[in-house]
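Visitor: Before anything else, here's the structure in question.
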């Protein structure tokens with residue numbers, strides 16, 4: 001895997017300072033060799049010097065350690081939560097007499113919301129040396145539950161199973177984002193989190209391929225095709241959960257995947273950049289601090305608005321395409337291209353955001369593209385027009401979520417506060433999923449809601465709300481950066497900015513807008 005890179009425009013700020021007071025990325029001397037050298041004073045008083053080439057090689061190594069296994073786990077989590085949509089077009093409602101399909105979908109998100117924050121706190125408390133065992137346990141558990149869904153016989157059983165599935169999946173995404181914050185600098189995290197999240201779009205394409213192939217097993221062993229879908233995909237998840245025990249690395253100070261020098265360089269990079277290397281113990285005051293931070297709530301409500309569309313589209317897309325007049329096997333195949341297009345657009349949008357060094361305008365633009373897709377889906381009189389609209393909606397919503405889910409990890413300081421903030425964001429966000437899945441009903445109360453037309457109008461409303469949250473954050477963070485610029489200038493005049501010590505990295509810190 002090629003490294004996702006370190007070169008991008010940073011957040012507006014004065015230059016970051018290493019702990020010995022020198023500019024990060026330079027040392028005494030002249031010429032290009034000097035400019036490619038980093039110098040860092042370690043806690044034991046010794047000086048660590050490393051080159052930019054060493055840093056790039058280390059980053060590629062860390063990418064290989066983390067991204068393949070964590071991305072695979074998230075792909076499987078998205079596959080296992082959304083394959084209920086593929087099962088719908090294969091007749092699960094008829095076979096086990098489901099009378100309230102939106103409630104079946106919703107039960108996953110209820111479990112997810114309830115256990116989101118506790119699961120992330122458990123990661124912080126029990127994973128002192130490594131997060132591997134906790135994430136592997138979650139993966140094996142939800143894989144086993146997904147298998148059990150293939151044996152369900154009635155609606156009460158599948159409701160309970162979907163709740164448990166959400167409970168065990170709730171700790172994966174915020175846990176992985178927290179892991180990234182312990183390995184990567186702020187500017188590097190957005191590309192990694194976005195690549196990680198792009199697995200959701202990849203899961204859509206892979207889900208269509210697997211659903212088409214597996215549901216052809218209909219009748220084998222006396223089982224319906226949708227049962228094989230849950231059982232085989234769940235078994236695959238269990239296998240990867242076992243692999244994760246050994247594949248997920250320990251925290252940088254304890255991992256066997258790095259040499260002692262490489263561990264020192266990781267420590268140096270993060271010490272210069274943020275609080276990731278500080279030994280911060282869990283404190284309830286950090287929890288309350290997160291819950292009192294207006295930025296945390298804006299991130300949460302931003303995801304709330306976006307998650308409404310993200311999960312209703314990913315779960316109901318097969319039904320939307322089936323409503324265009326296609327047969328079930330055609331539907332499974334026709335879900336593949338929109339998700340693949342969304343994957344490409346997500347990566348392109350992430351690359352552009354990193355090059356420009358901004359997040360908010362790209363999130364707003366992607367959400368606007370999603371709204372355009374829904375408008376075309378509602379108004380187009382042709383099957384081709386509606387199918388094209390699905391491409392626009394999928395591309396916009398996956399690109400927006402990839403950026404907005406990475407955004408708070410760049411800006412929330414304090415390890416426990418960051419973990420709680422991310423968990424709160426996912427919790428509030430998935431309340432949007434609960435509302436959304438219950439508004440995708442036919443009929444919607446007394447409204448016929450043909451082809452989910454009125455549901456899609458509600459989706460546009462939630463997306464506009466998300467755009468409002470992103471715009472507010474943009475304004476508030478920009479204002480905060482201007483205040484930090486003024487404080488920085490005052491410190492420089494007093495000579496405080498030249499001091500050495502553990503607080504030096506904070507002097508050039510700015511919010512990523």
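Glycine too: its Cβ is placed from the backbone N, Cα and C atoms.
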Visitor: Which range is it, out of 333-353, 480-500, that shows up in TrEMBL as transmembrane segment?
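Guide: Checked against TrEMBL: transmembrane segment maps to 333-353.
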Visitor: With a Cβ cut-off under 8 Å, give me the same-chain residues at least six positions beyond the ends of the transmembrane segment (158-181) that come close to it.
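Guide: For the transmembrane segment (158-181), the far contacts come to 66, 70, 73-74, 77, 80-81, 84, 96, 98, 103-105, 107-116, 119-120, 122-124, 131, 134-135, 138-139, 141-142, 145-146, 148-149, 152, 189, 192-193, 196, 274, 276, 405-406, 409, 415, 418-419, 422-423, 425-426.
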Visitor: So which of 99-123, 132-152, 460-477 is most in touch with the transmembrane segment (419-440), counting Cβ pairs under 8 Å?
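Guide: It is 99-123 that shares the most Cβ pairs under 8 Å with the transmembrane segment (419-440).
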Visitor: On the 0 to 100 scale, where does the mean pLDDT of the domain 'Major facilitator superfamily (MFS) profile' (66-483) fall?
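Guide: Mean pLDDT across the domain 'Major facilitator superfamily (MFS) profile' (66-483) comes out at 90.
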Visitor: Counting only CB pairs under 8 A, let me know which of 99-123, 132-152, 193-214, 360-381 has the most with the transmembrane segment (387-407).
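Guide: Between the stretches 99-123, 132-152, 193-214, 360-381, 360-381 has the largest tally.
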Visitor: Does the transmembrane segment (360-381) come near the transmembrane segment (296-321), with 3+ Cβ pairs under 8 Å (pairs 6 or more apart)?
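Guide: Yes, the transmembrane segment (360-381) and the transmembrane segment (296-321) are in contact.
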